[in-house]
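Data block below; observations after.
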Amino acid sequence: MAFWRSLAFSAVLLLLIHGAHCFYLPGVAPQDFQKGDQLQVKVNKLTSTKTQLPYSYYSLPYCPPPKIQDSAENLGEVLRGDRIENSLYAFKMREPQMCNIVCNIKLDAKTAKEFKEKISDEYRVNMILDNLPLVVPLKRNDQDSTVYQLGFHVGLKGQYSGSKEEKYFIHNHLAFTVKYHKDVLTESARIVGFEVKPFSVKHEYEGKWEGKTTRLTTCDPHAKNTVVNSNSPQEVEEGKEIIFTYDVEFQESDVKWASRWDAYLLMNDDQIHWFSIVNSLMIVLFLSGMVAMIMLRTLYRDIAKYNELETQEEAQEETGWKLVHGDVFRPPINSDLLCVYVGTGVQFFGMMLVTMLFAVLGFLSPSNRGGLMTAMLLLWVFMGIFAGYSSTRLYKMFKGSEWKKVALRTATMFPAIVCAIFFVLNALIWGQKSSGAVPFGTMFALIFLWFGISVPLVFVGSYVGFKKPAIENPVKTNKIPRQIPEQAWYMNPVFSVLIGGILPFGAVFIELFFILTSIWLNQFYYIFGFLFLVFIILIVTCAEITIVLCYFQLCSEDYLWWWRSYLTSGSSALYLFLYATFYFFTKLEITKLVSAIFYFGYMLIASYAFFVVTGTIGFYACFWFTRLIYSSVKID
């Protein structure tokens, strides 16, 4: 029987890990193209890992179409700073083109300065074709493999040979490669790849400029003179004329449409993720052994009512936690606030659990831009009903009567703190004229989700929870509080709380590196199978470390466990923020003050959310443990 259980567990484990590869449920249906069909390239935001501030494509004086049209964007895309717009780059399916002229511009002092600033900050241009992002293929030196970088650099800095003066050069010629998979029966094709090689070319022509019909001497398909290098680059300087051109070639590919994202999401570091899982499992096994030992010592011996002879020292140790039975369920100070935090933690826990389940099943694939953030926001709103229910259930157990006040605080406290930070950051981003600034319309939508849906649902959950019979404590509480004896230095609340957060953080910090990299270095994160396993390990670790430290606390005749159980596992958020600080100084190249405030502001929100989730897990684990041991032992 044990063999079949372990076999079933292994099967589920492999399914979860492989889930991100097996399932692909894209945001749009596949589109078939016949030869000669029009292909329209869309442009997205300009991004930089140095500033973290996105800008719309036409914030730079690139060639604009007669009428700039915004594509419909979901809530997640707007919050990410995506601005998807039409462009003058147009192809015909399976019809190669060479040296197509887009437009020419003459730089004045202002436009030259704008280009130089974006080049200096290493901004990248992002484009989209058939919902696929544009990538630059790069060969790895150490391996015979190709890696892909999202978007191409606006330009680069360099020096002419023999000169020490630094110049700015713009990428004004784009060599596109569109990969397609052809259906043998219908002759239709589906796009499976969109790549580019950018070049900086100082284009020249004879005679007058005649628009797109002008014949260039530096790029002429009739003379078979094509752009293959940037040996004669286009300098960015006031008064210079820049001509934007592009080539496009089509390559047939064996990659099927359902697998077209695999190249973008190629994982070369799966061994590190396995190491992360093994590392976390070692922590879980250690803690599980501790919990099992405690359960055996407390429940097995105490439930047997100490029938066996024990030494005096053992008896004193065993009965330490029994001595506080009359105070262990005494309501804590600020019990209302504890109820609010527990309710908020339940709301976040539900959101994270359901989001990860959807992600593992492939519903939140990278093709559905903004889908992950939209799903998280909507799930957080609808999980408000569970927040209200759990907070008032606990509040009623504490003999509280003003459930509406607790419901209101549960519905508003955490979002109000987050909104305050968010508004400050948004104002700073707005001052930088970045597309990352949330528009007023989106702001109104967020406030509506909060007050129009989340708050009423919290009150509904609170009403249902308060109408339920109060949770009965397994033992009666004494009228006079028992005096807590002087504690050993290692049982000091601050010390034990800080120690308690190390192991939960240790279980997730390797995966945390990849999450931070995907957020701040513009890379895809899709290995939700691994993430789900790490999340399960985090839950177990938080629960077990809290139970262990709670047991030691009760054995020391300290019955003030309510808040400490929440803070013990919740303190892992402190280590998360410290790690984020370490990551900032070691992995990022942010130099602007606004960008640094932006980073730490959002990491503060993330750490606060992590505190609420892990704290709630630890609290409920300790709540279950104390009720179990005190209900299982006969108290004289």
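Quick reminder: no glycine exception, Cβ is built from N, Cα and C everywhere.
Database features (TrEMBL):
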type	residues	note
SIGNAL	1-22	signal peptide
TRANSMEM	274-296	transmembrane segment
TRANSMEM	338-364	transmembrane segment
TRANSMEM	370-389	transmembrane segment
TRANSMEM	410-431	transmembrane segment
TRANSMEM	443-466	transmembrane segment
TRANSMEM	487-520	transmembrane segment
TRANSMEM	526-554	transmembrane segment
TRANSMEM	566-585	transmembrane segment
TRANSMEM	597-625	transmembrane segment
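Ranked by number of Cβ pairs under 8 Å to the transmembrane segment (487-520), the listed stretches 274-296, 370-389, 410-431 are led by 274-296.
526-554 is the stretch from 274-296, 338-364, 526-554 with the greatest number of Cβ pairs below 8 Å to the transmembrane segment (566-585). Same-chain residues lying 6+ beyond the ends of the transmembrane segment (274-296) with a Cβ under 8 Å from its Cβ atoms: 503, 506-508, 510-511, 530, 533-534, 537-538, 540-541, 544-545, 547-548, 551.
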